[in-house]
Amino acid sequence: MSLYKVYNISTQHTPQSAYSLRHFALAKAMGQPRAQLLPSMSMAALYLILATSPVISDMTDSLDMLWGNTQVLYDSTGHQIVSLSLDRWTTSAFRSKTKYLFARIDMDIKLVAKDSAGTVTTLYMITEGLWDIHDEIDLEFLGNTTGEPYTLHTNIYARGTGGREKQYRLWFDPTEDFHTYTIIWNPQMILILVDGTPIRQMKNQLRNDIPFPLYQPMRLYASIWDADDWATQGGRIKTDWSQAPFTAFFRNYQANACIPYKTAWICSQGSNDSSWFTQDLDEEGKQKLKDVDDNYKIYDYCTDSRRYPNGYPPECGSQ
């Protein structure tokens, strides 16, 4: 058993009034110790929590614009919107300035409108070390022809092992307005939410020798690219370049996360009492997750008998 020592300080908010401090110990089983990867972890866990009021900051304070047709725009209230565009010659992307070891990421996205067939708009977290042992949490929005629904394709890699695809039809048109997409990654689980509704959970089952992203920091990325060999109806529908540029919009990026500070990881938390770092699904959340599974999930690797004729992966049935 190895335990965390983490200092929890709000890095996304600036105190506006009196704040309260609360100290408590947290001991969390984490499977096999990896001292070489996390030298800051110790035998005690300490949180310093500041109750604060939120402030608005520019997205460019936290994000690096990478390449291609990436533009920083402003809405009528002066808040930043980042647009990513794709044409026949150029993709575009941005990433977080900071790597995170556990995080709650929130991003508002408005997807490519009308004929988006062949395009993929992404929001994902990924490690930057060796590919053979990389970790990754994927949200990929697969475009479609005008009038046909988007597919939200999700996948999770742990220690280089992926193949955990689940796909969903959203219950709204994601091109008409912004919607909030959330990744919660903590030592207990990975949780993906859409407008606050949980759609996918992967629990930490390291004790059962099932890989889980636990030891390697990840960076957030967003991109748009052409994948008409597979993205739309299995690749049958190709990208119509006469419709280019294809543009998606991002705003209201928030990261409550553990970030490196000297030999420790400092973890931010908002003003409420519920910590993303220890969050799990309550009974209401479990029911909402089941409702999404029953009504909006269109593919699950855990039920693909053609792919797994000799039995499903060990994590299936216990997520």
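Numbers run from 1 along the shown chain.
Note that Cβ sites are derived from N, Cα and C of the backbone, with glycine treated the same way.
Here is what TrEMBL records for this protein:
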type     : residues : note
DOMAIN   : 7-250    : domain 'GH16'
ACT_SITE : Glu136   : active site, nucleophile
ACT_SITE : Glu140   : active site, proton donor
CARBOHYD : Asn144   : N-linked glycosylation site
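Residues belonging to the domain 'GH16' (7-250) score a mean pLDDT of 80 in the model. Between the residue listed as 'N-linked glycosylation site' and Glu136 (active site, nucleophile), the C-alpha separation comes to 25 Å. Sequence-distant contacts of the residue listed as 'active site, proton donor', defined as residues of its own chain at least six apart whose C-beta falls under 8 angstroms from its C-beta, comprise Val120, Thr121, Thr122, Tyr124, Leu152, His153, Thr154, Asn155. For Glu136 (active site, nucleophile), the same-chain residues that are 6 or more apart in sequence and have a Cβ closer than 8 Å to its Cβ are Tyr124, Met125, Ile126, Thr127, Asn155, Ile156, Tyr157, Gly162, Pro213, Met218.
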